[in-house]
Each structure stands twice: as structure tokens, then as C-alpha cells.
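What TrEMBL says about this one:
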- ASP48, ASP81, TYR84, HIS250: Fe cation 1 binding site (BINDING)
- ASP81, ASN119, HIS213, HIS248: Fe cation 2 binding site (BINDING)
- 42-251: domain 'Calcineurin-like phosphoesterase' (DOMAIN)
- 1-21: signal peptide (SIGNAL)
Amino acid sequence: MVKAGYRLLFLGGLLSWLCLAFPATSELQRLQHRVKPDGSLSFLVVGDWGREGNYNQSEVASQMGVIGEKLDIDFVISTGDNFYDCGLTGEDDPAFFKSFTDIYTAPSLQKPWYNVLGNHDYRGDVEAQLSPVLKEKDSKWVCFRSFILNAEIAEFFFVDTTPFVNEYFTDPIEYNYDWKGVEPRDEYLFSLVKDVDSALKASSAKWKIVVGHHTIKSAGQHGVTVELEKQLLPVLEANDVDLYVNGHDHCLQHITSTDSDIQFITSGGGSQAWRGKISSWKPEEMKFYYDGQGFLSVNMTGDRADLVFYDVFGQVLHKWSISKQLHDAA
């Protein structure tokens, strides 16, 4: 735990400086979602999906509908890269229907979809995805840059991770990223880190779950996002976060940590996958890796969470449970 201790010291100094440098920050948008009458909560997680039904997106969506009905899910979480290859061109872009409304048609999926933005979304008109006009077109669409979902037994902290990544600013290749609302970048990131830290500290939820697009720990093609490892991970470790859930790598992945109790979950198999690029990882941390399409289900109560990865055929690939009483995975 020495490594985590250094991170906490760094975090304390960073946040003290932030309070002086950027004293005026706005609180994150807060949403509410009630648990079921029995006190439980069920949801699906999918990422990197928006390809107008291609690359098995429609097949994954079909199986999500089946599992969603079986679990009577309360909502869906999208880990970003909602529309390929370059986001939406505007509020009237037909890709919104072709990649979202016309694909996720199962009755069980007509629940709120809580979305974060991915790097591909930032290559288009970001504010189109944030616009209330899209919710008027499809009532299940919910998207903000960063926000909090209070679901009684759990709080979900959705974090806009794309602006953390240096290469999108220094080496964007041929892409034009839409940084409206982000620049000046330093202020945006400092305020965001501060707000997430404050919100996590204030949370009394039994479960704290952070959702972002980019990986923190991953053996996939993109690997570790060093900017998040340095700037966001210390905040998660300091505030007893249970899960960090992301997409970006087009795979399904479950990693634990020898430095903290956080579990790192990649659910980025919503469409194109099978990239075949896997790096070595500590065997004591790597619990599961699948280089293909699929999604995650979570069913939780106040003291237990059951998590399952499914493939494109709806077959169970990996399942595990987390107990809040024992605070370890079974």
C-alpha cells in the first residue's frame, strides 16, 4: 500500500493548490434514480457501440434485451464512443436513430441510458449529444459531460475523461476535436478533479462507482491511461471507490488492484472488437480478459453485487460477486 500512500500525499497537495488557484467551481449535475421496492438495483453496461448496427452491434443489443428482461433492469450505462467514427454532426444527424433508437428496441432497454462521452464523440459536435433535443427525440437518452446519479444504495460518478488525454491536444492526427466547453483545459480539469473529489467525500452511499470512457488499468490495445493514473486514480483511492467502469478498449475485462480495493472493469464490447492486442499483466490482478463483443450486467443490494459478462450470444463468460461486509471478491 506504499504506492497508494504516495498517491494520497500527492492528491492532498494537488487539491490544496487547486483550492487556491481555482476557488470557484460549480457542483456536478445530480440525477436521482429509485431502487426497486425490494431495495435492489439492476443495470447493464455497454460501451463503444455506435456503428449503425454493424460489427455485431445489433446482435449485442438483442442479447442485452434478453438479459435486461430477465433481470428487470433499472437502467443502462454507456461507457462512451456512442457514435462512430466522429460523433454526431448535429442534433439532426440521422446516426442518432440509426445507431441508437433503431438498434436498442427491446422493451427491457426502454429505460434511462446514462451516457458519458468518448474520444470519438469529441470528434463531432459534442454539444449535440448534450442537447435536450436528443431526449425529445428518444426519452431514454441522458448525457452530460460529468454528473452524479444517486440510486440510493449506490452513487455513480460519471467523469468526462477525454480532456485528460494529452495526445488529443498535442497530436490529433487528422481529427478535429470539439473542445468547446473544455478550454481553457487546465481550469476545466482542475475543477473537474476537485468536484469529483468533493462529491465522493460527501457521499454516504453504500457503493461508490465511477464511470469514465478511458481505461485506468487495462491489458488491451490502449492500455493504461497515464493521465488518469496520475490525476484521477489518487482521488478514487482516497475516497473508497468500489468500481471504476470504462470502455475505450474494445473488450471485456476485470482487473483488481494490489494497491487498493478498487476493481477495474472494462465493458467496451458493444460492436467492433477482436483487435488481438493483449499485453501481459500481473496474474494476481488480472481476473478475466475477453477480446470480443459483449456487455456487463450488475445486480446489487446494499451489501452485495453480482456481476456477469456476456458474449454476443448471451452466454456467460465470467461472473463474480463483491460483498460490502467482507469487502472482497468471491
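Placement of Cβ uses the backbone N, Cα and C atoms for every residue, glycine included.
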Whole-number Å value for how far ASP81 (Fe cation 1 binding site) lies from ASN119 (Fe cation 2 binding site) (Cα to Cα): 6
HIS213 (Fe cation 2 binding site): nearby binding-site residues from ASP48, ASP81, TYR84, HIS250, Cα cut-off 10 Å: ASP48, ASP81
Spatial neighbours of HIS248 (Fe cation 2 binding site), counting only the binding-site residues ASP48, ASP81, TYR84 and Cα distances within 10 Å: ASP48, ASP81
Under 8 Å by Cβ from ASP81 (Fe cation 1 binding site), counting only residues of that chain that are 6 or more apart: GLY47, ASP48, TRP49, GLY50, GLY118, ASN119, HIS120, ASP121, HIS213, GLY247, HIS248, GLY268
Other residues, Cβ within 8 Å of ASP48, ASP81, TYR84, HIS250 Cβ centroid (Fe cation 1 site): GLY47, TRP49, GLY50, ARG51, GLY118, HIS120, GLY247, HIS248, GLY268, GLY270, SER271, GLN272
Other CB atoms within 10 A, centred on HIS248 (Fe cation 2 binding site): 28
Extra residues within 8 Å (Cβ to Cβ centroid of ASP81, ASN119, HIS213, HIS248), Fe cation 2: GLY47, ASP48, THR79, GLY80, LEU117, GLY118, HIS120, ASP121, THR161, THR162, HIS214, GLY247, GLY268
